[in-house]
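TrEMBL lists 12-32, 336-353, 360-384, 390-410, 431-451, 463-490, 528-545 with the feature transmembrane segment.
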Amino acid sequence: MKFFALFIHRPVATILISVAITLCGILGFRLLPVAPLPQVDFPVIMVSASLPGASPETMASSVATPLERSLGRIAGVNEMTSSSSLGSTRIILEFKFDRDINGAARDVQAAINAAQSLLPSGMPSRPTYRKANPSDAPIMILTLTSNTYSQGELYDFASTQLAQTIAQIDGVGDVDVGGSSLPAVRVGLNPQALFNQGVSLDDVRSAIDNANVRKPQGAIENDTHRWQVQTNDELKTAAEYQPIIIHYNNGAAVRLGDVASITDSVQDVRNAGMTNAKPAILLMIRKLPEANIIQTVDSIRAKLPELQTLVPAAIDLQIAQDRSPTIRASLEEVEQTLIISVALVILVVFVFLRSGRATLIPAVAVPVSLIGTFAAMYLCGFSLNNLSLMALTIATGFVVDDAIVVLENIARHLEAGMKPLQAALQGTREVGFTVLSMSLSLVAVFLPLLLMGGLPGRLLREFAVTLSVAIGISLLVSLTLTPMMCGWMLKSSAPREQSRKRGFGRVLVALQQSYGTSLKWVLRHTRLVGVVLLGTIALNIWLYISIPKTFFPEQDTGVLMGGIQADQSISFQAMRGKLQDFMKIIRDDPAVNNVTGFTGGSRVNSGMMFITLKPRDERRETAQQVIDRLRVALSKRTRCESVSDGGAGHPRWRTAGQRQLSIHITVRRSGCAARVGTEDP
C-alpha cells in the first residue's frame, strides 16, 4: 500500500518518471534501424575457392579435400557439403543454432589459413568465406550501360570509382560489382602455328614475362642529384604485345602475333550482365547489419547526382531495383494500424465511460507504455520491422486492459462517495495483485516463443520480447501513473444508475438485460451447450488441419529473385543465350517493369535474375499470379524443352522470401529440357 501511496501523493515525481520513459522511447525510436524482418545470423557459412582451368575432379581432390579436412575440425559443425565444378569449389558449413556465427567465422578463417600450405600454388587468390543471412539481399541495384564503352571499361570504372564512393555512404556494407571483369590483354594461341614454328608454350610464357617487366628502367645521377627513371616495360595494349619475339626459326624471328590472336579484352570473358536486353554492369549494394535500410537508401539516392557527375556522358547510370518502397509501404501500413488501434481503443473507452477526464487517463497510459517499449527495443538490439510493430499492435489491447481495470475500480469507489485520493489508493490496492497476475499470465503465454529453438525461434524472439516488455511497462504505468491521474483528475460522481437512464446509458442497460436473459437460457440447457462446445472444438481441429500452413504469410513486395542452374557441361555461350531467352520472356510480361540478370564467374552453368514488378496499383495480378503466368510462358519457349512440376533443391524465383519458382535446365544428347516448379522454403 505504501508503494501505491508513494506515486499517488507525489504527482510531480510520477509525471517526471512517465516523461522520462516517453523521452527515452522517442530517442530509441529515432535510433532504431528499419528492416523488413529481424536481423538474424543464420548459422551457415559458405567457403569458395577457384583455380581457373582445373577440372571438377582436380578441384575436388586438390582444393576441396584439404579444406574439408581443416574445416571438419571446427566445433559445432552439424553438416558440411561441398560441390566442385570447372575451376571452382564451394563448401557449405551448417552450424548448430546456438553457435555464435561471428566466432564460427573466425574459426573458419583460421581453418582456411591452416590449409593454405596444402592448396595448389597456382590459385589466383586465397579461399574466401561468407556468412549466409536471410536479410542479406541487395537493398539496391544500380546498372551501367553504354553504346560506346566496352564492358571491361564499364567494369573498371564501376569497381574503381563508383563502388568505392558508394561504400563510403553511411549504412552501406558491401558493394558487389558484376557483369564483367577488369580490362586485360588476352592471347589466344594457335596450336597449328605453334607446331609449324616449333614453339612451345614455355617459350611463349617466358617471352611474355621477359618483355613485360614491371620495374623501373634505372636512374640518372650527377654529383649532387639522383633521378629515378619511372618508365618500365609493362605492356598495356594488344598492339604492344604483337611484335614480341618469342622464338627464332632458322634465323627468322617468330613474333607473338604470328602464332596467336591478341585482343584487348577482360580478365574473365565468361561473365555477362544484362538489363532489359542490354549488356550492363551491376552494382549490388548491401547494408550493414545495424543500418536503417530506408535511411541508407535515401542517402544513396541523395548521392546519385554526385555520382552522375563522375560518370562520363556516354555512360548511363540507372537504378534497376530498389527494395525500400515495399518496405516503406509495409512499415507505414503497420504504423497506421497501430495508430488506428490506439485511437479506436480510446474511442471505445470514451463511449462506455462517457467522461472526458476518465478517457484522458488511458489515452495517456497507452501511448506511454507503447512509446517506452522503443527504448527497451533499442537496448536489446532490435529493429523496427513487421514483427516488432505487429507485437506493439497486439500489445495495444493488453495495455489498455491494465489501465481500464484500475480506472474502473477507482471509479466505483468515487461513485460510492469516497474522496478521489482515497479512492485511488483503495482502488489500486484492491486490484494491484490482479493486474500483476494478469500481466504475468500474458507474459507466460509468450514464454514458449522465447524458448523456441532454430530459425523460427530466432525470428519470433524479437516479437515475444517486444510484446512482453510492452506488457511490463504497462503494468508499471497502470500501478503508478494511472492511479495518480485518477486521484488528481477525477471527481466524486453520482451513482451510475442515474446516468444510465439517459442517452447511451439506455443502450448499455438493454445490452446488460439481453446478456442476463441469454445467460439464464444457457444455464437451463447445459447439455445442449455442452454438445455445441464439443462441436466447436471438433470444428476448430478440422479447420486447423485443413488450413494451409507456412512459416510466413505470403507478401506481394513487387520484387522477384530468380536463379537458373544448368548442367555442368553447358558452355558459357549457351548459358548466356538461355539467360537472354528467359529475360526476354519475363520482360514481355505486362506486369514486369524491368529485369536484370548476370551469369558466369566461377560457375558458368548458373545465373541470377532480379525482377521488379510494376507498382501494385498499376497491375491487377499478385506476385504469385505473375509467377504462375511466367511458368506457363516458360513451358512454351522452345520445342526441344519439356516442362514438369517439381525441382526441389533447384534455385528459384521468390517473392518476399516465400513463394518460389524454380528453373532447372538439363542438357542431354538428344536435346534439352527445362524444369519449372514451385516450392516453399
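Glycine is no exception: its Cβ is also placed from the backbone N, Cα and C atoms.
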Is the transmembrane segment (390-410) in contact with the transmembrane segment (336-353), using three or more Cβ pairs under 8 angstroms as the rule and ignoring pairs under 6 apart in sequence?
yes
Grab the same-chain neighbours of the transmembrane segment (390-410) for me: Cβ-Cβ under 8 Å, and only residues 6 or more beyond its ends, written as numbers and ranges.
334, 337-338, 341-342, 345, 349, 353, 358, 361-362, 365-366, 369-370, 373, 423-424, 427-428, 430-431, 434-435, 438-439, 442, 462-464, 466-467, 470-471, 474-475, 477-479, 482-483, 486-487, 490
Outside the transmembrane segment (12-32), six or more residues from its ends: residues with CB under 8 Å to it:
292, 364, 367-368, 370-379, 382-384, 473, 477, 480-481, 484
The answer for the transmembrane segment (528-545), taking Cβ pairs under 8 Å and residues 6+ beyond its ends, is 522
